[in-house]
Amino acid sequence: VGFVIVTFQEQGESEYKNCELDKNQRQCVQYALKARPLRRYIPKNPYQYQIWYVVTSSYFEYLMFFLIMLNTICLGMQHYNQSAEMNHVSDILNVAFTVLFTLEMILKLMAFKAKGYFGDPWNVFDFLIVIGSIIDVILSEIDDPDDNSRVSITFFRLFRVMRLVKLLSRGEGVRTLLWTFIKSFQALPYVALLIVMLFFIYAVIGMQMFGKIAMVDGTQINRNNNFQTFPQAVLLLFRCATGEAWQEILLDCSYGKRCDPESDYAEGEEYTCGTGFAYFY
């Protein structure tokens, strides 16, 4: 797969072999043509400006980064069959972090107002995390373990873990790395289409060559892994591509295997299914 991706990128670069600009220079020109000025909201109210100055400062960013890391460490300290005291401390810490992140949301709402706050997708994500965390705290307080009609709060406890994703919005370096990761997926659809075509071709060939092999439990060609139907053939090929017991599948598809009772084999040819082509396949 890596070789296919590298070859695809090289073929794309070959289209510009006669261009006087290299790849970085072309990207700079495209960026200059597509760039748009960024609008930054600065409040005119002096009290609102003071709050805005605090929440946009690097010290505030470092503080929230520290709180997120501390929250992550606290989540990592939880373990199976922990004591009641540990559960109590975890609940208290969860409430404390929820209050702090709620305070951050309120300060940003006061600094940017609703329009400016919700104009940033990261702020919308933070807002959803805070709301989910508040619901988690409320349900944790009203949930009674001895009550048969207790509320399931497993889903809302996922918001505790989702706070870690907030780290992606902290720091220019992290955002640059995330943007680079997203941009690397631009060529992925074409590579994925090529891989799908290869799987399709190989699945059809496998159905023709190994589709008559009997499904025997205890072997690699069974009711779950076989070439008798197209979906099963694709799944089996995917298993081979991941390297899971591919050599055993190879041997079970070689010549001399028992034929499926419903296949059209002649009398005395019960063990003539499979082919040596499996070694090349």
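Including glycine, each Cβ sits where the backbone N, Cα and C put it.
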(request) If Swiss-Prot is the reference, give me the range from 14-17, 34-37, 42-45, 242-245 marked as motif 'Selectivity filter of repeat IV'. (result) 242-245
(message) Can you tell me which parts of the same chain pack against the transmembrane segment (59-80), counting only residues 6+ beyond its ends and a CB-CB cutoff under 8 A?
(response) 86, 90, 93-94, 97, 100-101, 104, 160-161, 163-164, 166-167, 170-171
(message) Give the nonlocal contacts of the transmembrane segment (89-110) in its own chain as ranges (CB under 8 Å, at least six residues past its ends).
(response) 48, 51, 54-55, 64, 67, 70-71, 74, 77-78, 82, 117, 123, 126-127, 129-130, 133-134, 136-137, 140, 160, 163
(request) Would you kindly list the residues that approach the transmembrane segment (190-210) from elsewhere in its chain, counting only those six or more residues past its ends and only Cβ-Cβ distances under 8 Å? (result) 1, 4-5, 8, 221, 227-230, 233-234, 236-238, 253, 273-275, 277-278, 281
(request) Would you mind listing, in sequence order, the residues at least six apart from ASN81 (N-linked glycosylation site) in the same chain with a Cβ closer than 8 Å to its Cβ? (result) none
